[in-house]
């Protein structure tokens, strides 16, 4: 106020009092403590003389105010008290202005006014371009820049431009890594105040924004705005490229980048670029290992708040999203959205390289890496690289053996959530995916997709090497490895490598002994769910796969597929070493081990090595005595299921496989194939020791025991060891008297099926083998092979002790006992021992008095057929054995042998 103007009307003290009252009336809300007059400004005389009447007072007042207010925290002059108070609250953190609706406090009255507009729903500012409404004029101006593309704020470091100065300021923190905002409760620092506020809301659970329609509350006003559009159905943004309508401008901006391919947000660590900044923020946490969001129930930490939000539903069991088609519920709306495409068949994302379409954009991105070969995620333990971070995370659990997913019903833990879900479906029987063509239901959507290709015949993948067409990309990738020989999946226990990760997983269970799949009927456990699925058909008797050629049915489609090759003669798998072809890839693999000598499976009991795990399993059953497969007809139990099948066919007489050369029928295709080698003379398996060749690899294996003298099969009752399991079984039958094979014609029983088969030919008179040399007809292939050696003089079985050779291996075995003194067959009555079971068999007749052979001439009976044969010569007068020295004749060769000693004078042998 000007002293020249006022001194005529008021005294000086009165003017000063009036000034103070005016100031305090204007700023009465601020409090006396916040006002401080500067030195030299306590009187009104400091103002120079001003011209004017009453207006001079206000002018003088405004001029004086610029000098009288200062901040207590630091010496700073303000032109108005409001600025002084604002600076002070910035230092103290005071929030004087409180919202009556939600209780939130603010430092500035203008912020409170702005906040109240959220509750009132007031949006007075409208965009002329799109018609979008805003609560504040600044937001409208900001929004207009989307349409104009104006970005006046540029980063000097990287050249990136922004439409807001605040965005530029926040962006600069990426370069200098500044974190200006700290959480008071947890001492965490953030680069942006919004991140700090979001972090606080997670811990406090504060959700101030509530939907008027349904009452749902949100942490952020933007989330509420987005949610409200669900009720209104408002989608104001339409994409010119694909026609998609989108509800928010930010989502619209992100969507446009799908078409342009723009990825403006780049990671400084690895150089990977992203189309949205939030994805970059989430990606950075891969490098930093930061997981700021922790579950209060189980303590699990997450990189993203959204993942924590969804994770909580595991504990609550909440699945708020329901499919209208099948009623399936989901924890996330995104999963429901993707699930619906199963019913609609929609696949909007297409690969430009191969034309394959996908229901999810992430699946397309994942697929593209097949073509590029990109594997950016590397394991620090073993160096293995992956094309997705989830695969790397899952892989790491191999090293850590972490199993975070536990089945609540059965307590089993799994390393992958997919394995847990699969495990649950096995027990619940849930099959949500149904084929529209035939109604068949499946546990997994991928199984349904694979099945649907049966109806469509679609096989989009063709192998350039062999021309094979394949239905799925994963199967195609596996198939290519057959030609390349690539085995990228290696077992850390034994070093064995595999072409697929699933095969490695199954293989690992050999080392761990894990058998997670259990049969509900018999309790038998399996390493693979597929084997359990097929095993169940043993109990149900289901054989859904039928051969069109011969009508034979199978439990597995794979068995039918292989079986068809018997009719077609197809052998697509060829050995590069010897050129031999096979109908099955597994047979080729097994055959290759003959050349390599590879034996990966070792028996812990006896230390023996095996080529196949099934052989090892079979060996184990010898020691455990386990025989899980039981015949329903006679109750006999078997160790391998193949023996039960063989036994069943003997009882039923089933012989589906017939030889085109001689008409002989067999119960198994392998027996037919083996038989064919008699006609072809094929013997591909050769012994390195003696050069002897065999038609079967197992015959070669057993033959080698002649040289090594290995006897792996031991009788538990008597302690005797044998080189062959058949010899052990035969030995056991001698002691037990077990005779399981009965002739339907005469009722005679036999210990071995081969003996029954030989016996039956007496009734049928069937003798399919005819000798070209002498015309003799013979009943069995083994006897025919022995007979031919009479003409050829071949004696391939040689005694290592004395060098004597024999025409058959059985004769050699019997001969060896002369040197060893071994007499394995003992009479239970008198304890006498014999070298051969046949001699024991005849000896027993002494005790039983049995004489089954009767002379037709005189009625005399004999224990042995040989004795009857010799006796008959008395009636006929036949004496076929002649002495070369004196011409005397004899009925028996033994008598001739004794007579010769008269001429030689040898008295060492007496008859």
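Just so you know, glycine gets a Cβ as well, placed from its N, Cα and C.
These come from Swiss-Prot:
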- 181-203: zinc finger (ZN_FING)
- 237-259: zinc finger (ZN_FING)
- 293-315: zinc finger (ZN_FING)
- 377-399: zinc finger (ZN_FING)
- 461-483: zinc finger (ZN_FING)
- 478: SUMO2 cross-link (CROSSLNK)
- 545-567: zinc finger (ZN_FING)
- 601-623: zinc finger (ZN_FING)
- 629-651: zinc finger (ZN_FING)
- 649: SUMO2 cross-link (CROSSLNK)
- 741-763: zinc finger (ZN_FING)
- 769-791: zinc finger (ZN_FING)
- 786: SUMO2 cross-link (CROSSLNK)
- 797-819: zinc finger (ZN_FING)
- 881-903: zinc finger (ZN_FING)
Tertiary contacts of the zinc finger (545-567), defined by C-beta under 8 angstroms and 6+ residue spacing from its ends, are 534, 537-538, 583-584, 656-657, 669, 672
If one takes Cβ-Cβ under 8 Å and requires six or more residues beyond its ends, the residues near the zinc finger (461-483) are 356, 367, 370, 446, 449-450, 453, 499-500, 585
Filtered by Cβ under 8 Å and at least 6 apart in sequence, the residues in the chain of residue 478 (SUMO2 cross-link) near it are 499, 500
Within 10 angstroms of the C-beta of residue 786 (SUMO2 cross-link), the count of other C-beta atoms across all shown chains comes to 17
For the zinc finger (797-819), the distant same-chain contacts (Cβ-Cβ under 8 Å, at least six residues beyond its ends) come to 706, 786, 789-790, 835-836
Same-chain residues at least 6 beyond the ends of the zinc finger (237-259) with CB under 8 Å of its CB atoms are 130, 132, 143, 146, 225-226, 229, 275-276, 361
On the zinc finger (769-791), the mean of the pLDDT values is 82
